[in-house]
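See structure below.
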Amino acid sequence: MDWKDVLRRRLASPNTDPKRKKSEQELKDEEMDLFTKYYSEWKGGRKNTNEFYKTIPRFYYRLPAEDEVLLQKLREESRAVFLQRKSRELLDNEELQNLWFLLDKHQIPPMIGEEAMINYENFLKVGEKAGPKCKQFFTAKVFAKLLHTDSYGRISIMQFFNYVMRKVWLHQTRIGLSLYDVAGQGYLRESDLENYILELIPTLPQLDGLEKSFYSFYVCTAVRKFFFFLDPLRTGKIKIQDILACSFLDDLLELRDEELSKESQETNWFSAPSALRVYGQYLNLDKDHNGMLSKEELSRYGTATMTNVFLDRVFQECLTYDGEMDYKTYLDFVLALENRKEPAALQYIFKLLDIENKGYLNVFSLNYFFRAIQELMKIHGQDPVSFQDVKDEIFDMVKPKDPLKISLQDLINSNQGDTVTTILIDLNGFWTYENREALVANDNENSADLDDT
């Protein structure tokens, strides 16, 4: 045999010599090949061991990674097509007008006041004539839900039509919010909700007077209310269902009304006067004009009678930057103090009062905060009130399950959480509570004087 042929065959098959020691990389490759082979055989062998595997629906869908551009585009397009289809299934204005015409045509006398009524038989007739889009509304369940005490077994046409309108609005709003749900998981992140509200501003006549430079502050003010109350665990996202279920979106969309009263605007957190008020307070507190609030600056909030002990806890527990509070953190603080009856606000304040992080307030916690109230009373020339008396009053008001501990749930259940927290953190609030009987008597005297005049 020609030595050239032998050498050529040897170079072409370097691993044929059984005496040759394999390299570390070759051993790893061989091990991986064997693992892949045996794993595939094992997996294939187990695939059909349980027939139920075929009927269990898939419940996990992996989201495309950032580098999977095609999958992301496919997901976005499919969601857009799905939402467009859902939108087309909703009643438009013309179809709603036609529905109202059919309901009015099939009303059954006598009317109740000015309310037109319809019985179940005609209700079903209207459902047949109204078209397939309306079929979901013309069910026995809906009729029974709206049936009250009418002796003829009828329902109010107006109530039914309002029900349909509300359902259509909810579905429209859900579709609108879902367009901003980037992940497609049924919730909105803070940035998603910010984009939604920012694009909503031009459609709200009551916000026409806002300068564009203020838009970012307005959006921050609006979004914080949603997240403060609907995201108590601070996960950074809110379910779209929760947004629809609460009244905040109604309050926001109320600003579409060009003739909204001044009183309604003042009580609506999302109105321009309210947003400007909150931001104006922040600017007034910011004496050094650095865009942040120090503890000393925040101490002038409201009546400037909050205790230093409470303010210390605010800056210990809340997110700060070099010991100063930004506007977003300030908004949480304001929402908590202005809504002390709400569970989310009580949760915020309770965390500050729970200095030992035990999940409850004991006599030590109450005394720790009330001593600061007593010190302020001395500074203002008032006689300090006995802590023992105040402690007994607090436990009497709350009536906790454990007679020595007050939990957050105890505060919420008692409906006295706002009073208890005010007593412990604000001298003016404590003074108002302590003199409540005199203040009530004074109000009665003033009202009597007005009646006499």
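Just so it is clear, glycine is given a Cβ too, placed from its N, Cα and C backbone atoms.
Database features, via Swiss-Prot:
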BINDING   ASP286, ASP288, ASN290, MET292, GLU297  Ca(2+) binding site
DOMAIN    273-308  domain 'EF-hand 1'
DOMAIN    341-376  domain 'EF-hand 2'
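The residues near the Ca(2+) site, meaning same-chain residues not in ASP286, ASP288, ASN290, MET292, GLU297 whose C-beta sits within 8 angstroms of the mean position of the site's C-beta atoms, are LEU285, LYS287, HIS289, GLY291, LEU293, SER294, GLU324, in sequence order. Around MET292 (Ca(2+) binding site), the C-beta neighbours below 8 angstroms that are at least 6 residues distant in the chain are ASP286, TYR321, GLU324, MET325, ASP326. There are 11 other Cβ atoms within 10 Å of the Cβ belonging to ASP288 (Ca(2+) binding site).
The secondary structure of ASP288 (Ca(2+) binding site), as reduced to three states from DSSP, is coil rather than helix or strand. Across the domain 'EF-hand 2' (341-376), DSSP classifies residues as 25 helix, 2 strand, 9 coil. For ASN290 (Ca(2+) binding site), applying a Cβ distance below 8 Å and a minimum sequence separation of six or more within one chain yields GLU324. There are 19 other Cβ atoms within 10 Å of the Cβ belonging to ASP286 (Ca(2+) binding site). Mean per-residue pLDDT, taken over the domain 'EF-hand 1' (273-308), amounts to 96. Its Cβ placed at the centre, GLU297 (Ca(2+) binding site) has 18 other Cβ atoms within 10 Å.
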